[in-house]
Amino acid sequence: MKRVLQFLFFLFIVRPVLLVILGMNVRGREHLPEKGPAVLVANHNSHLDTLTLMALFPLKDLHRLRPAAAADYFLANRWLKWFALNIINIIPLARGGVRKNPLADLEAALDRNEILILFPEGSRGEPEQRAEFKRGVAYLAKARPDVPIYPVFMHGLGKALPRGSFILVPFNCDVFAGAAIKWTGDPQSFMGELELQMTELAEQGRFQPWE
Amino acid sequence: MPIPDALPDTVFYAIAVIYALLIAASVIVAVMKRKQPGAVTEELSRRVTSWWFMITIFSVAIVTNRVVSTVFLGFVTFLAFKEYLSLIPTRRVDRVILLFAYWAIPAQFLFAHLNSYGLFLTFIPVWMFLFLPMAMTLMGKTEGFLRAVGTLSWGLMITVFALSHTAMLLAADKSVAGPAGGAGLLLFLVALTQFNDVAQFTWGRLFGKHKIAPQVSPKKTWEGFLGGLGSTVVGAAIAGPFLTPMPFYYAGVAGAIIAVAGFLGDITISSFKRDLGVKDSGGLIPGHGGILDRVDSLIYAAPVFYHAMHFFVFSGRI
C-alpha cells in the first residue's frame, strides 16, 4: 500500500511538476548507480532537492531510495510525519543526540542494498550558496568502505522554492552527477576529495547571481 | 456531426510537403553519417531526430483545433520565458513579481485567442510595463532595481509579447486570413522561419566564407544569409498562394521579410547568450539546445510578419 501511494505520488505529482513547471537539465545521468548499496551526496537548497533526486531514478526503484532527514523537523507533526515516513520513505536522524552510533540506521539501510540520499550541509541554509559539508558522511564511508559515494550538484531549486517560502515559482534547475568516490582511508582526505568533486561539478555551469 | 472549424485541405497538403522534406533530410543525413562517421554527422543526426519530434508535435497541435493550438503556443512561450528567467540574474525579493509575470502568458494568449487587437497590443508594452516596476518599488528593495526591471521587461517583450503573435495569426478573421485560414498563416510563418534557419545553415556550411557578424555569431556568413534568403523567397512564393491571401509575388516579399527578421532574431538571442557566457540557452532539445535556441528567429519573424500582414493585407491596402 505504502509503495503504491509512493509510486502514484511520484508518477502523477512529482514528475509532472518537475517536467512542466520546473524543467530539469540533468548532466552525468550515466554516473548514477543502478542498484544499491550506494550513497548520493548533494548540496541542499530546497525541499524540492529530495524529490528531484528521487525522480532521477526509475519508478520501480523508488522504494529503494532512502533520504536521511532530521527527525526533529520531519516528525514534528503527525501529517508531516506520515508523509515523510510513508511517501518519501525517509530515515529519520536525531540531530545532536547522545545515541551510541547515530549512523546505525544508515548502515543498516546500506546492508539492505538501499540507496541513501544525504545532504551533508545539514539544513537547507542560504539558497544557492554552498555550505561546508559536515563530516558524518566520512564516518559512514569509513564504516562501509566498499560502498560508492556519488556526488551530485544541484542549482536552481533554491530559486523555485527557497527556505521559508511556500510559493513555487517556475525556474529551470540543473542537476550535475559526478563519478563515484570511495573511502580514502582518513576523514580529512575523504572530505577533501568530496569537496573537490562538488566544486568541479558546480563549475560545469555558468550561474548568474541570485540574492 | 458537423466538424467545427474544419481545417482546409491545403494545411494538410502543406504538412505533407514538410514531412517529405523531413524524410529527404533524414535520408541525406543517414548517408552522410555512413560516409563520414564522426561528431559532426552525429550532431546533425540528433538534430534531424529532434525535428521529427518537433514537427509532429506542432502538426498535431495545429490540426486538432484552435484552442489546443493556442494553448500549445502559450506553453512553448512559457518554456521560453522560464528559460530566459533561469538564465538571467534575478533577485530573491522579486519572486512573487516573477510569478505574476508568468501569469501574463495566459492573459496575453487569451487576448490573442479572442483576436482582441487593442488589448493584445497594449497588455504587455503598456500595462505590464507600468505595473511590474511599480510592484517592485512597493517591495521596497532599490538595490539592483534598474537591472531587475530592465531585464524582466525585455524578457517579457522578447518572449511573451513577440511569440504571442503566432496565436494572433491563428485567430485572424476568416474574411481576411485567406484560403487556409489562420492556421495556414501560422504554418506559413513557422515553416518558413524554420526552413530559413536550416537553409542558412546549409548554404553557410557549403559555401560560407565572409563572416557577417563575427563578434556575435562567428559561424554566420553572408553566403549562408543570402542563400537562406533566396531559398526562403522561393519557398514562400510557392507556398503563399495556398496558405495565405497573397499572390506569389507578395508571398515572396513576405518570405524575404521572414528571412531577414529571422536572421536578426537569431543573432539578437546569440548576443544575449554571449553576454551571459552560455553557448546554448538550455538542454531541452537534443542537437538544438534549449527552447530559446529554437524559437530565436521566430521572436523577430512573428511580430514583423504579423504586423506587415495586418497593415498591408488584412486592411486591404494591397
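Keep in mind that glycine also has a Cβ here, set from the backbone N, Cα and C atoms.
TrEMBL: automatically predicted annotations, no manual curation.
Listed by sequence, the residues of this chain that lie at least six past the ends of the transmembrane segment (B:12-31) yet keep a Cβ under 8 A from its Cβ atoms are 41, 44-45, 48, 51-52, 55, 59, 63, 180, 184, 187-188, 191, 195, 198, 239, 242-243. According to TrEMBL, the transmembrane segment annotation covers B:12-31 (among others).
The transmembrane segment annotation in TrEMBL covers B:51-81 (among others).
Beyond the ends of the transmembrane segment (B:93-111), by six or more residues, the same chain brings 70-71, 73-74, 77-78, 81-82, 85, 119-120, 123-124, 128, 132, 135-136, 139-141, 148, 152, 156, 160-161, 164, 167 to within a C-beta distance below 8 angstroms of the stretch. What TrEMBL lists as transmembrane segment is B:93-111 (among others).
Under 8 Å from some Cβ of the transmembrane segment (B:117-139) lie the Cβ atoms of residues 93-94, 96-97, 100-101, 104, 107-108, 111, 145, 148-149, 152-153, 156-157, 160-161, 164, 168, 310, all in the same chain and six or more residues away from its ends. Annotation source TrEMBL lists transmembrane segment at B:117-139 (among others).
The feature transmembrane segment is assigned by TrEMBL to B:151-171 (among others). Beyond the ends of the transmembrane segment (B:151-171), by six or more residues, the same chain brings 62, 66, 69-70, 73-74, 76-77, 80-81, 84-85, 88-90, 94, 97-98, 101, 104-105, 108-109, 112-115, 117, 120, 124-125, 128-129, 132-133, 182-183, 185-186, 189-190, 268, 292, 295, 298-300, 302-303, 305-307, 309 to within a C-beta distance below 8 angstroms of the stretch.
Outside the transmembrane segment (B:183-203) by six or more residues, the chain places 7-8, 10-11, 14-15, 18, 21, 25, 58, 62-63, 66, 69, 166, 169-170, 172, 177, 220, 223-229, 231-232, 235-236, 239-240, 242-244, 254-255, 258-259, 262-263, 266, 297-298, 301-302, 305-306, 309 with a CB less than 8 A from a CB of the stretch. Positions annotated as transmembrane segment by TrEMBL: B:183-203 (among others).
Annotated transmembrane segment per TrEMBL: B:224-243 (among others), in sequence order. Long-range contacts of the transmembrane segment (B:224-243) within its own chain (CB-CB distance under 8 A, at least 6 residues past either end) are made by residues 10-11, 13-14, 17, 178-180, 184-185, 187-188, 191-192, 195-197, 199-208, 212, 249-252, 254-256, 258-260, 263.
Residues or ranges marked as transmembrane segment by TrEMBL: B:249-269 (among others). Long-range contacts of the transmembrane segment (B:249-269) within the same chain, counting only residues at least 6 positions beyond its ends with a Cβ under 8 Å from a Cβ of the stretch, are 158, 188-189, 192-193, 196-197, 200, 213, 216-217, 220, 225, 228-229, 232-237, 239-241, 281, 292-293, 296-301, 304-305, 308-309, 313, 318.
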